[in-house]
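Reading through the structure tokens given below for one structure.
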Amino acid sequence: MTTTVAPSAAAPAPSGEPTGRGGPPRGAKLVRMLPLTPAIGLMLVFLAGPIIYCVYAAFTNMALTGTGANAVKFVGLDNFRKAFESSAFTNAIWLTLVFTLISAIIGQNTLGLGLALLMRRSTKLVRNFVGTAVIGAWVLPEVVAAYLLSAFFNDDGTLNVMLHWVGLPGQDWLYAAPIIAVSLANIWRGTAFSMLVYSAALSEVPKEIEESAEMDGAAGARRLVFVTLPMISRAILTNLMLITLQTLSVFGLIYAMTRGGPGTKSQTLPLYMYEQAFSFSQIGYGTAIALVMLAIGAVFSLIYLRGLNSEAA
Amino acid sequence: MIARDRISKLTANLILLAIGVLFVLPLLWVLFASINRTAGLRVEFPTSPTLENFRAVLNTDTTYRPVLNGLVLCGGAALLTMVCAVLAAYPLSRFKSKFNRPFLLTVLFCTGLPITAVMVPVYGLFVQLNLVDTIGGTIMFMATSSLPFAIWLTKTFMDGVPISLEEAAWVDGAGNMQALRRIVLPLMWPGIAVVLIFTFIGMWGNFFVPFMLLLSPERLPASVSIFTFFGQYGEPNYGQLAAYSLIYTTPVLLLYLLLSRKLGGAFALGGAIKG
């Protein structure tokens, strides 16, 4: 990204801007672009194809069983009307928002930033220990992480043992507060990403700037808000975009921990979509929900792309 | 000043340690439970450690075949991703074209699309193309889904290779692909390794894609077959589940160690992402 998309003063620019000046000896412009074809081909067939198919199927009554299985016909906006009138769908939207807000925007983002900031002041031993633990949680396969945390939050689990030590009552968190439990699980699993992005960004903030700000009397929190954070605003934006979008589509973690339950208390949009499309075989309705998710993702993606562009300008 | 520095350093260390412990506790469970014959759900060191859990899961159906399937699936997909990403990154990094900016923006936009949402139509597409329950089809889809991110990262790493060396090669009559293979790739192999390993780790942990696209038990990778521990027979055997989880996690741990020893670790990735 050092060039076209998002030029950044801090990133190492290639020592001759690739202008094509001098250029390779043979090959017209089109031939030069030839190496792009495998990537474009794959993305057209397996990414653009399904999305276009999604736009089509979302307006039909396509199903794996029943009438929609034999004669697929257009039903206009029926699927969307059905969705927005269904309480299960609105429930899923709310849970997705709560999940994203708690686990990505508040949890992973702040904890990751906090860890990266604290690590700059800590001793090497502590830094390595915490870094390894946090990254370890991240490298674990999704389903394994889900099992570890199911055990942790269970009635007989470690969390309750710890709560008993300090004299607090325990409970089965996966039943009592499933969306909170899966959100915390997602924080546990995903914080490493934000930590890495922020560590990299902070390592490029010159120490002198912060020190001179300190000389001028800007202490602690003020220095952080007015000096350090503005200098890494690009990283904050990129990180927020990526983790929000990752969190919107989390499926395996929640599915393995709660299957969306109890009832529908942790059924976020991906799980609702899966249930409708496959457990209930309503492909048309399922793709309509998929389209809603794609639209949400697209809006987020566009907002942040705009942000990146205006920052860079 | 110095006293205050020391206090702030101490506080930082203490807070970090507390957070570190919270991250470690769930990890300890899997370690202890795997060597405990009567493992429950809390972290406790077994009274008589045993390797029996490992012995119980180390057989073709439970471990060997799913892990092998996973290696074929994720290895194939990661390689395919990398080949396409390197080829695509070269013209994007080297030649200025009106086409580059819209293409990169599209790629960046695609990294944002929730792959989960695409899965229902992908399943539909796979039914149409007769690709459901085929390893090849699944590899191609997995490769495609990580391609946007891989292109983006690879191009960033490639931008770090000075173009002047290639200009010399061009003068000597080398073609583009020759320059890519002989000059650019050798200079950016650490970057390639970082992208390749992270792509693989991401795929290795991916549950949803193979869960949807593969059906036959004998084709399922480790990420999906782990569900067989929760059969119809009520409480799973937590000790065996933990042992299996450890075995299943080992390849990515090894890759990660390789990465952090030789390549500056995940911090290289953080540097490439943060822009």
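Numbering starts at 1 and runs along the chain as it is shown here.
Just so it is clear, glycine is given a Cβ too, placed from its N, Cα and C backbone atoms.
The compositional bias 'Low complexity' annotation in TrEMBL covers A:1-18.
For A:94-304, the entry in TrEMBL reads domain 'ABC transmembrane type-1'.
Among the features that TrEMBL reports, region 'Disordered' is placed at A:1-24.
Per TrEMBL, the feature transmembrane segment maps to A:36-59 (among others).
Among the features that TrEMBL reports, transmembrane segment is placed at A:92-117 (among others).
Residues or ranges marked as transmembrane segment by TrEMBL: A:129-153 (among others). If you look at the transmembrane segment (A:129-153), the same-chain residues 6 or more away from its ends with a CB under 8 A from one of its CBs are 115, 119, 122, 159, 172-174, 181, 184-185, 188-193, 195-196, 252-257.
As annotated by TrEMBL, transmembrane segment applies to A:173-198 (among others). Counting residues 6+ beyond its ends, the transmembrane segment (A:173-198) has Cβ neighbours under 8 Å at 95, 98-99, 102-104, 107-109, 111-113, 115-117, 119, 131, 134-135, 137-140, 142, 145-146, 149-150, 153-154, 157, 159, 232, 235, 238-239, 242-243, 246-247, 250, 253-254, 257-258, 261-262, 265-266 in the same chain.
According to TrEMBL, the feature transmembrane segment maps to A:236-257 (among others). Only residues 6 or more beyond the boundaries of the transmembrane segment (A:236-257), in the same chain, are considered here, and those with a CB under 8 A from a CB of the stretch are 96, 99-100, 103-105, 108-109, 112-113, 142-143, 145-147, 149-150, 174, 181-182, 185-186, 189-190, 193-194, 197-198, 229, 266, 268-271, 274, 293, 296-297, 300-301, 304, 307-308, 311.
Residues or ranges marked as transmembrane segment in TrEMBL: A:277-305 (among others).
Listed by sequence, the residues of this chain that lie at least six past the ends of the transmembrane segment (A:277-305) yet keep a Cβ under 8 A from its Cβ atoms are 51, 53-55, 57-66, 68-69, 72, 75, 79-80, 82-83, 89, 237-238, 240-241, 244-245, 248-249, 269-270. The list of residues near the transmembrane segment (A:92-117) in space but at least 6 beyond its ends in sequence, with Cβ under 8 angstroms from a Cβ of it, reads 130, 134, 179-180, 182-184, 186-187, 190-199, 201-202, 224, 228, 236, 239-240, 243-244, 246-248, 250, 254, 264-269, 271-272.
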